[in-house]
Amino acid sequence: MLRLVGRAARCWGARRAPPGPEQAPRGTQHPMAVQRACLSSAAGTGAWPKDVGILALEVYFPAQYVEQEELERYDGVEAGKYTRGLGQQQMGFCAAHEDINSLCLTVVQRLVERGRLSWDAIGRLEVGTETVIDKSKAVKTVLMQLFHDSGNTDVEGIDTTNACYGGTASLFNAAAWVESSAWDGRYAVVVCGDIAVYATGNARPTGGAGAIAMLVGPNAPLVLERGLRGTHMEHAYDFYKPDLASEYPVVDGQLSIQCYLRALDRCYAVYRRKAESQWQQAGIQRPFTLDDFKFIIFHTPFCKLVQKSVGRLLLNDFLAAPNPDTAAGLYKGLQPFSGVKLEDTYTSKEVEKAFQAASQEIFNQKTKPSLLLSSRNGNMYTPSMYGCLASLLAQSSARDLAGSRIGAFSYGSG
């Protein structure tokens, strides 16, 4: 999970990157200059780097898009199937001259140039993608062209592929490198990029495209909380790409939704257990609930699934509560569901409807602001959750963000 510390007011106050160190007001230090000083002083001391996380973030998505209402008419489906049923307004798509390499090149170059970084200040470059245009050559090798003039070839990292989860795995790898004995004091850059396209059918309106680059290091405004991570991994054929000559996946939509919700249930259970264990060591005796997240962001195949997922988390809290008050408040009217088992509810429309209604205000406050890019551009695969993060940061004030905890659910099929 992510935690925003007080530095957020300085680093996340606007979507654009701050001016370079040479443009900082007289008598002040530019944020990146401060970071460089912290990096050089922390490396080689043997001390555990503090507040490792995301220092800066750059987003790219295509300029071209299709209105989902127009796509409904073109496909001859019922009006509202894509807009109300999926929660999508528009879907971005790449121009003929764009591919996964160009998307990733764009965000990395912008991240470095807008942050006034030197290319030799980067010691690790990780790429998360499932968009394969070469079965051997990594996207990371193409990105190394950007480092050519600096002479910096000492850059660790490689591509990571596991459906939409590759970007988060890359972020964890980068953070682990900064916290390891292998860290040499330089930054890590994590790139998530994909082009999501589907064959004609029900899944086609859930496509999209984009890329996100993140600068990772210590003393970050957006911190990965140490020891607070819940993971679930299993084998499933809900989404896979067995035909290497085609960019289209094979998708079992209903199974994929069940896999998504089951992973959400189990990750949340593991996370709560770890959070409560940390609290107990600090003398705090109480359960972890959704109230402990200021915001919650999700991997977003389509926005309606995210709204259902917030209700799913509330169901988890409800079933974990020893004596939930069903006469008033948040759980009012939910008494009929007090004895249900999670594994029996994945296809229950009654449970889904009841908890989606009960969690509506939670969704509006904690999650809806993060869906700006997802609703207008679609599913970007590996960058999807980080597009939600960027949307949240862009629409929130520094005062609202500082000191808050962001729950983050990342998912990859298969």
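Even glycines carry a Cβ here, placed using N, Cα and C.
Taken verbatim from TrEMBL:
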- GLU130: active site, proton donor/acceptor (ACT_SITE)
- CYS164: active site, acyl-thioester intermediate (ACT_SITE)
- HIS299: active site, proton donor/acceptor (ACT_SITE)
- ASN202, SER256, LYS304, LYS308: CoA binding site (BINDING)
- 48-221: domain 'Hydroxymethylglutaryl-coenzyme A synthase N-terminal' (DOMAIN)
- 222-414: domain 'Hydroxymethylglutaryl-coenzyme A synthase C-terminal' (DOMAIN)
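Inclusion criterion for the recorded positions GLU130, CYS164, ASN202, SER256, LYS308: a C-alpha placed within 10 angstroms of the C-alpha of HIS299 (active site, proton donor/acceptor); this criterion is met by CYS164. Mean pLDDT for the domain 'Hydroxymethylglutaryl-coenzyme A synthase C-terminal' (222-414) in the predicted structure: 96. When secondary structure is read from DSSP and collapsed to three states, CYS164 (active site, acyl-thioester intermediate) falls in the strand class.
Long-range Cβ neighbours of ASN202 (CoA binding site) (same chain, at least 6 residues apart, Cβ-Cβ under 8 Å): GLY253.
Between the candidate recorded positions, GLU130, SER256, LYS304, the densest Cβ environment within 10 Å is the one around GLU130. CYS164 (active site, acyl-thioester intermediate): 28 other CB atoms within 10 A of its CB, across all protein chains.
Shown are the recorded positions HIS299, LYS308; the one with the most C-beta atoms within 10 angstroms of its own C-beta is HIS299. For the recorded positions CYS164, SER256, LYS308, a Cα-Cα cutoff of 10 angstroms around GLU130 (active site, proton donor/acceptor) retains CYS164.
A coil conformation is recorded for HIS299 (active site, proton donor/acceptor) in the three-state DSSP classification, outside any helix or strand. Among ASN202, SER256, LYS304, LYS308, the residues given in the record as binding CoA, the maximal Cα to Cα distance rounds to 19 Å. On the backbone, the CA of SER256 (CoA binding site) and the CA of the residue listed as 'active site, acyl-thioester intermediate' stand 12 Å apart.
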